[in-house]
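The disulfide bond annotation in Swiss-Prot covers 105-116, 156-164, 166-186, 235-249, 237-244, 307-338, 323-333, 337-377, 353-368, 355-365, 360-361, and the record cites similarity to another entry as its basis. Feature annotation from Swiss-Prot assigns N-linked glycosylation site to 115, 281; the stated evidence is sequence analysis. Annotated O-palmitoleoyl serine per Swiss-Prot: 241, in sequence order, evidence recorded as similarity to another entry. Feature annotation from Swiss-Prot assigns region 'Disordered' to 1-33.
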């Protein structure tokens, strides 16, 4: 190896540096309690950095009206946003379906402590109530999925969507208990409604892939199959004097109320489950409990009693709710008010009565005034309320 001229001189002229011993770092004396505290802090940091389950979802589309702007819908995952941008007409139907299933949910639970109340201008629609894996969450996921199927299927058959129309599979000759008939008319395209609802509604759960996602996917499927369950056969007779020698039939959606009633019964018989270790299926929550079938709604957590305002549990309480003084059911004051008692207010209601038809062409009614007692649940005591918030 060649050395540059003067390199040796420079080496000789350079002062020799004394070697200073460097102390080796020693491990700090850490007590077991400090170690546990550090581990807890690390776990907390990991939990904060992991994506949390937030039920801001496509449900908010129902609050946007006819003008659905995909980028302004909070909570959509990328697949849902892609479908929204590609099919804006279908998104309007999804919004109509959202409004319909929320109305149906509120009808089904109008006499219960939890009455499917929505929160204005809240992207989660129900607040924190759906974060708990409860019966109520099971019902909401099922009926929301059913609402999308029903709305899209109806829009297809009514010619409101360019991507679908009548059911293309109902063609040719068929038979039922009354005999042979020809498929005709415009059968509701349930196949397209189910297919799009599955792709759109299930997209978020398929992305998360946790136990709650498995529960939601199961209940979503229950909702879709419920709509298909109540397809009805409508027919028109052809023949001399309506003899019905030839029938033309088509499949039609039933009123959404039938789906709501059915899912309400499924709610009453919902099965409490736990996820299996591999996270691919369910097992009964306790030994001796029956196993869930494909038509059962499933849930993990017991519901709160919904008696008092509890923001953490998503409970709005029953203070001020109207109740029946004489009923022994869930709408009765004893159950609705959770034993807190009720207030009675006398109110006068004005209704139309003694209506008569006058030629031509008007209906004239009188105004009738009725004084009735309205019973409303008392608010809990202040100390009790503070304990729950």
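Cβ coordinates come from backbone N, Cα and C, glycine included.
Residue pair residue 377 (disulfide bond) / residue 235 (disulfide bond) shows a Cα separation of 50 Å. Distance noted between the C-alpha atoms of residue 186 (disulfide bond) and residue 323 (disulfide bond) is 45 Å. Residue 156 (disulfide bond) falls within a helix when secondary structure is assigned with DSSP.
Checked against residue 361 (disulfide bond), the disulfide-bonded residues 164, 333, 368 differ in C-alpha distance, with 368 being the nearest. Taking only the Cα positions, the spacing between residue 337 (disulfide bond) and residue 307 (disulfide bond) is 7 angstrom. Comparing C-alpha positions, residue 323 (disulfide bond) sits nearest to 115 among the recorded positions 115, 360, 365, 368. The Cβ of residue 241 (O-palmitoleoyl serine) has 6 other Cβ atoms within 10 Å, all protein chains considered.
If you compare Cα positions, residue 105 (disulfide bond) sits closest to 333 out of the disulfide-bonded residues 156, 166, 333. The disulfide-bonded residues considered are 156, 244, 323, 360, 365; of these, 360 has the fewest other C-beta atoms within 10 angstroms of its C-beta.
Between the C-alpha atoms of residue 249 (disulfide bond) and residue 237 (disulfide bond), the distance comes to 9 Å. The 10 Å shell around the Cβ of residue 377 (disulfide bond) contains 22 further Cβ atoms across the protein chains shown. Cα to Cα, residue 166 (disulfide bond) and residue 353 (disulfide bond) are separated by 44 Å. Distance from the CA of residue 368 (disulfide bond) to the CA of residue 355 (disulfide bond) is 11 Å.
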